[in-house]
Structures are given as C-alpha cells and as structure tokens.
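Quick look at what TrEMBL lists:
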type	residues	note
TRANSMEM	40-59	transmembrane segment
TRANSMEM	80-103	transmembrane segment
TRANSMEM	115-135	transmembrane segment
TRANSMEM	156-175	transmembrane segment
TRANSMEM	224-245	transmembrane segment
TRANSMEM	277-297	transmembrane segment
TRANSMEM	318-337	transmembrane segment
TRANSMEM	349-367	transmembrane segment
TRANSMEM	379-398	transmembrane segment
TRANSMEM	404-426	transmembrane segment
TRANSMEM	438-456	transmembrane segment
TRANSMEM	468-491	transmembrane segment
Amino acid sequence: METNKFVQGALILTLAGLISKILSAGYRIPLQNLTGDIGFYIYQQVYPILGIALVLSIYGFPTAISKLVAEKEELSIKYFVFPIWIILFVISSLSAILLFVYAEEIALYIGDSRLISAYQLASIVLLIIPFTTLLRGIFQGKSQMKPLAYSQIGEQLIRVSIIIAIAIGVANYGLDVYWIGTYAGIASIIGALVASLILVIFLRKTKYLSNFKEPIPWKYYVKTIVSYGIIASLSHLILLIIQFADSFTVVPGLIEKGLSIEEAMEQKGVFDRGQPLIQIGAVVGSSFGLALIPSLAKGNIPKKFSTFNEDIVSSIKISFYLAWGASVGLVYLFPHINILLYQDSQGTQALTILMVAVFLSAIVITASSILQGVGHIKWTAVFILLAFALKWLLNHLLVPHFGIIGSSIGTVISLLFLVASIFLKFKKSYPNQRMLPINWRAFIAANICMVAFLIIAEKIIYMESLSRGILCIVILMISFVGAIIYLYVLIRLKAFSNKELSLIPLGSKLKGIK
C-alpha cells in the first residue's frame, strides 16, 4: 500500500507539475516576445522573490505540516489547525514587513530604483501563505495529492492569465513596461486566493477535522515548522536561489565589463531566456521528491529508508535518464530553439551552456529531496547554501570578463558542486548502497542513436530558411522522434525494470518493447 501511494502520488504530482511548468515556461515566451528583453529582465528581477513565496506555500511549509499531520490520528480545529495557522501567520507577517521596509535598499543594490514598488507589492504575497500552506499540508499529510494538483494548476492559470494580459497592454496599448513587475505581484496574490478556494472546496468533502481536545505543544510545532519547513523547502528553492544570485550580480558585473545600464539590463533579459526551459527539467525531480517525504515522516527514518530503498533508487535513476536526454536535445537544438522562441539568436552560446543545468537541476532536486527525507536536513541546507555562495562568487569573478557566458558557467559549476556534495553524503551515510545503478551499455547506445538522428535531421532540413510556424513544427517533430529513439533504446536494452517503467507516465504500455 505504501509503495502504491508513492507511485500514485508521484504520477499525479508529475502530471500537475508538468502542466504547471508548461504554463510557466509557455507564458514567459510571449511575455518576452511582447515586452522584449527589457520586460523579461524586469519580470525576472521580481520573480525570485515571488517564486520563493510560491515554493514555501507549495513545498516547504506544507511538508512540515504534513509531517505533523502524519503523526496524528485526529486533527483538532482548536488545538492543532488554529495554532499551526497562528505560527504561519507570524512567520509570514514578519517576512512581509522586512521585505516591504527594505524594498528600496534591495532595488538600489540591484541598480534599478523603479523596481521598489514591485518589491513592496511582492511582500503582500507572503501574507497569503498561511492559508494555502495549512490546507496543502493537511492533504499532503493524508497522502491526498489530487487537491494539491488542482490547486497548483489553478493558481498557475490565474497568474499566467494576468501577466499575459499586462504584457499585451504593454505591447499594444502603451502601458509602462515596469507594470510587468508590479502586476506580477498582483497576479501571485489573486492566484494564491484561488488556490485557497480550491483547497477549501476539497476540505469540505472530508472528515479530517474534529473537536478533539489535546495539549498544544507550541514549542514542537514552532520548531518543526521553522526548522523542518524552511530547510525542507530549500531543495525546491535551488533554481530560485541561483536566479536570486543572478538578479543581484549579473547587471553590476555587466556594467563593470563596460556595458551601459540599459545594455546590461537587456543582456540580463537575454540570459533569463534559459530559465523557463530549466524549470521544465526540474519537474521530474520535484514531483517524485514531494510524494516521497510524507511517507518517510510516518515512522522510523532508517527503517523507512530500507523499505523504500528500491523506489528511492528508481526515482534518481529515472530522473537521470529522462533529464539527460532532454538536456542533450536542448543543447544540440538550442541555436534553432532560441530563434524559434525568442525570434533572434542573441545569447545562443551562453544559453547553450546553460541547458546543461536542465539535467543537473532534475538530479539535484530529486537527490536533495531524498537526502532531507531520510533525515539529513541540515546537510541539505548546508550544501545548497554553499552552492549559492559559490554561484555568487563565480558571478563576481566571471561576469565582468565573460559577460552572460560567465554566469552560465557559474550556474553549471554550482549545480555540479551540489550534485557531487549530495552523492558524497549518500556514499558516506550508506556505503553499501549504490544510489545510481546506471546501465551504461544502454545509456551510451541510446545517446549515440539519438545524437545520430539529430545530426542527420539537421543536415537534411535547412532550418535557417524556415518560417517560425514551420520551424516550430519541425523542431517538435525532431524532438519527439529523438525522444522516442532514446527511450526505445533504453527500454530495449533493459535500462528500466518493469516496476520502474510503471513510475513513468504511459510506462505500462512501454513494457512490451523489452
């Protein structure tokens, strides 16, 4: 039953996460097309803060609350739900006040005073966190993933609709391009309210809440939510933390290189073109990790790790194979993808390097979620913060000399450091456990076949002469066929077990290939 819940929860959240990430990636393309690289720069300067709030409300605090829920037979409204809400409200309010008060200092440090109002409005988003977080934590603790999926998709749909509407206003009706930053906050607020409404509708259909009387262990609740919740969210904040470092260091570094402030802003917008594609790569890792943690929280961690041993290893292995294939395809096709999505070839070299992060981010999120799930929460936090510090340092060293190529290199090196640190910790803690049993024969053969197809397709089809619409169809077809070839060879050469195939959407239909 535990394994079935893991599989079902992972599949539901993978689908929801995939839809959410497609929306997230999809709206940024017309956003850039409508507002240009300057508009994209403005949005990406505000997005890390909004993204952090979103992650805390979807992954971090709900994970902590799900741990508390998993430990209880009944959920008392007065003695459990209300105290948890109070703790969340205090944390969110203090964070909102700090961001509002220091919004001017943040904007001036970044070098763009016109972002002050956007940061101040973003602080209000933090006040919505207690409502969505509490409800998500209850459902996650009960291993009910459908409400989480629906609320996540609903929230994203609202955010996307509002932001695209403002982008159209900027492009066609002369609205100030800085409205993008301001309305990004408004969109997040409305999206969070819609998510709360969806979760309340689902909660009314359950019998989770009661009037059961019990002591309120305030100290334990606070400690769990603050230490476990915030630290647990770090695995899902990895890419946002990297972007946060970029938002503070790239523009100053480009100015130091000799660019004007306007040129530096535009180049930062060009660099940010890679972020939507990296996010899609992260969905595999984040969805499996989220489904895993509540089950581990129900009992003794070492025992549960032993029980889940096979599924844990399978999660990492599946992420490795799928994310690697996606990353190789993106690296090879990115010169054409850049023109297709963003209508010019600016930053192609830097962004091609950045596509390696698609693979690394999926591995990092899966592995770090598991590392914290088996009890190494503090080490997870330490590794992520060290990676953030390394990224910050590398940007200061590389961007003034190499521009946005330096920032791409810094991102890849930081994520490589994080992957190495996590796997070394696994090796030290579980010396007899092989965490990444790759079938190298199948892996190498699949890569050779896929790359050979990509080379042949590019030689046969002269993509530079195609219109944007035809180019889109061609790239989608090449990507689809390349993915089929890659997966076919992997499955044919027994890279996956039958059980592992069941973890992949439509995997049961692929078993006949073996």
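Numbers run from 1 along the shown chain.
Each residue, glycine too, has its Cβ placed from N, Cα and C.
Per-stretch counts of Cβ pairs under 8 Å to the transmembrane segment (468-491) identify 438-456 as the leading one among 80-103, 349-367, 438-456. The transmembrane segment (224-245) shares the most Cβ pairs under 8 Å with 40-59, out of the stretches 40-59, 80-103, 404-426.
The transmembrane segment (438-456) shares the most Cβ pairs under 8 Å with 318-337, out of the stretches 40-59, 115-135, 318-337, 349-367, 379-398. Contact check: the transmembrane segment (115-135) against the transmembrane segment (404-426) gives fewer than three Cβ pairs closer than 8 Å, residues 6 or more apart, which falls short of the contact criterion. Simply put, out of 318-337, 379-398, 404-426, 404-426 has the most Cβ pairs sitting under 8 Å from the transmembrane segment (349-367). Cβ atoms under 8 Å from those of the transmembrane segment (318-337) belong to residues 277, 280-281, 284-285, 288, 345, 348, 351-352, 355-356, 358-359, 361-363, 366, 436, 438, 443, 446-447, 450-451, 454, 458, 463, 471, 475, 478-479, 482-483, 486-487, 490, 495-496, 500, 503-504 of the same chain, restricted to positions at least 6 beyond its ends.
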